[in-house]
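One structure is given below, encoded as structure tokens.
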């Protein structure tokens, strides 16, 4: 991590626990977040809570105490990092059917998941030639970084993962292989469902990285790491590197995909409007709408900067 003081605390969290009435939890949680100046997004569903929030240490302490006091959440999984400024612009608490959408209603991680592997033990597992390593994230996330030797399912959404996994398993069985399966994702939540799904499909020897990529990058020294590239994150940092340092990628405000310097040098890149990944996916009307949104946001930022300048005189 950076030696420079970074005043903002960022917490990525999730927990599978039964909420009888998620809607009743939403109001008090949102009210407290707004009172404490917390920004980010939290998802509530009958199966639990998931999200990433950021704010001052004092505000985050109070909000995290509230979250841990929710039914069954005393031991929720969370990962801390720091930033020089808020990586979110607003606070949202949304009600969902699932806190991570897989589209397999019978899968319940509370009934069993794969075997957790600590970051410091991960290298040994994935270096074993009898281990199949699977990245459970979407294609645009995998594109900017993954573990050496990992299989990329090339999914556009997590809903596509079950079908891909069934096909891949059939391919392995046709070759007479029954390898160990190791899965990983950004913070661990997708692997709670993907390994639970694998077990429901009859796979016994399935493992997943405890704390996800973020915990690995925080824990394992870069010189010992088998991670290649950067890790996409769903906030204004866009990507992080070893030690959870902010990465080098920007994001396309039209499609939310990460962009490197080559992408931004493309003639198809227009700030806030299009990029090489989405230019052919958008209509002229959509691009016009994005351009207007970008203009309005620039005006709003200029007004905020001017207001701050007056206050500092």
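From the backbone N, Cα and C atoms, a Cβ is placed for every residue, glycine too.
If you check Swiss-Prot, you get these features:
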type	residues	note
ACT_SITE	185	active site, cysteine persulfide intermediate
DOMAIN	127-225	domain 'Rhodanese'
Could you give the number of helix, strand and coil residues in the domain 'Rhodanese' (127-225) as assigned by DSSP?
-> 44 helix, 18 strand, 37 coil
Counting only residues 6+ apart in the same chain, whose Cβ is under 8 Å from the Cβ of residue 185 (active site, cysteine persulfide intermediate)?
-> 135, 136, 137, 191, 194, 208, 209, 212, 213
